[in-house]
Every structure is written in C-alpha cells, then in structure tokens.
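Participant: Below: one structure in structure tokens.
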Amino acid sequence: MASVTSATVAIPSFTGLKASTIKSSATVRIQTAAVASPKLTVKSSLKNFGVAAVAAAASIALAGNAMAIEVLLGGGDGSLAFIPNDFSIAKGEKIVFKNNAGYPHNVVFDEDEIPSGVDVAKISMDEQDLLNGAGETYEVALTEPGTYSFYCAPHQGAGMVGKVTVN
C-alpha cells in the first residue's frame, strides 16, 4: 500500500547578515622524502612474463570449454526461423537455442539427417515439449563430427528448419 505524506517546513531568512574576514599569518611547511625508484631486472621480467603466459593459457583453456553459440528461435520481426539457420561449430561446443519471440517453439533433430550412430533422442527435445516464453532455452552439445538437420515441430511446414556442421 502506498501513501503520500506532506509536511510544512519553515526556512529562516538570513537577510542583513554581513560576512566577516579573519586575517591569519600561519606558515605551512611541507617536507618531501626521497623515494627510491624500483629497478627492473631481466630476471624479474621473465618471471612475470612466465606467470602472465601461464595465466593467459589457463584462461583460454577455460574459455574454450565455456564456448557456446546462441541460436534464436524466431526473428525479431516475428518470422518463423532459426537465426542463424546454417552454422558450424567445433566438436563438443554447446548450442543454446533461445526463444526470443515468445511463440511456442522446440528443437527436434531429424533422425534421417544426422551422423550415423548418434541417438536422436539424446539430442532432441520431445516434439510435444515447447519453449513457450521469451528467454526460455534448450542447450545441447554435439560430439560427433558431421552435419545435423533440425526443425521446430510446430513450424516445420512454415520453413523453420536449420543445419549445423560439427567439425
């Protein structure tokens, strides 16, 4: 419950006041101290470089595991499409399918158009499962190299299909 309260405030008037000045004869003394500048040696430079190189390599390795591509389900203009609808990824890279339009969508891989030996049930959503709200996601990581075709079951007839190539 919101409420509004009002109050009256009296503000005093300071008209007719005069500013006064005080003369001071204080002396301020500042002393400075000499600071030795740090010396850079080749040994410490190489050590710092080595630490930085190891940290950079670790960051790249961790970032490589966290790599993901985002595929939008539906265009900003209301179109029924995967955006992008044809792309390539590295083996094991995560694909995040994100409903950005709020229409019911899903991601189903075509069992006839995936590499042999891949279990379509392990990588697809069930055709009856839907991502209904904007921002809902479905994630999958494809580990077998090859070409995978996928579609949105409710909108496949409208051309909402895509293809991913795993390198």
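Residue 1 is the first one shown; counting continues down the chain.
Note that Cβ sites are derived from N, Cα and C of the backbone, with glycine treated the same way.
From Swiss-Prot, here are the annotated features:
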| type | residues | note |
| --- | --- | --- |
| BINDING | His105, Cys152, His155, Met160 | Cu cation binding site |
| DOMAIN | 69-167 | domain 'Plastocyanin-like' |
| TRANSIT | 1-52 | transit peptide |
| TRANSIT | 53-68 | transit peptide |
Participant: If I restrict to non-local contacts, at least six residues apart, and a C-beta distance under 8 angstroms, what lies near Cys152 (Cu cation binding site) in its own chain?
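Facilitator: Leu73, Leu80, Phe82, His105, Asn106, Val107, Val108, Met160, Val161 - these are the non-local Cβ neighbours of Cys152 (Cu cation binding site), listed in sequence order.
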Participant: Taking the center of the Cβ atoms of His105, Cys152, His155, Met160 at the recorded Cu cation site, which other residues in this chain have a Cβ no more than 8 Å from that point?
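Facilitator: Apart from His105, Cys152, His155, Met160, the close residues are Leu73, Gly74, Leu80, Ala81, Phe82, Tyr103, Asn106, Tyr151, Ala153, Pro154, Gln156, Ala158.
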Participant: For the binding-site residues His105, His155, which one has the sparsest Cβ surroundings, going by other Cβ atoms within 10 Å?
Facilitator: His155
Participant: When the pLDDT values for the domain 'Plastocyanin-like' (69-167) are averaged, what is the result?
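Facilitator: Reported value for the domain 'Plastocyanin-like' (69-167) is a mean pLDDT of 96.
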Participant: Need the DSSP three-state call for His155 (Cu cation binding site) to compare against my parser.
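Facilitator: Looking at the DSSP assignment, His155 (Cu cation binding site) belongs to a helix.
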Participant: I'd like the Cβ neighbour count for Met160 (Cu cation binding site), meaning other Cβ atoms within 10 Å of its Cβ, all protein chains included.
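Facilitator: By my count, 22.
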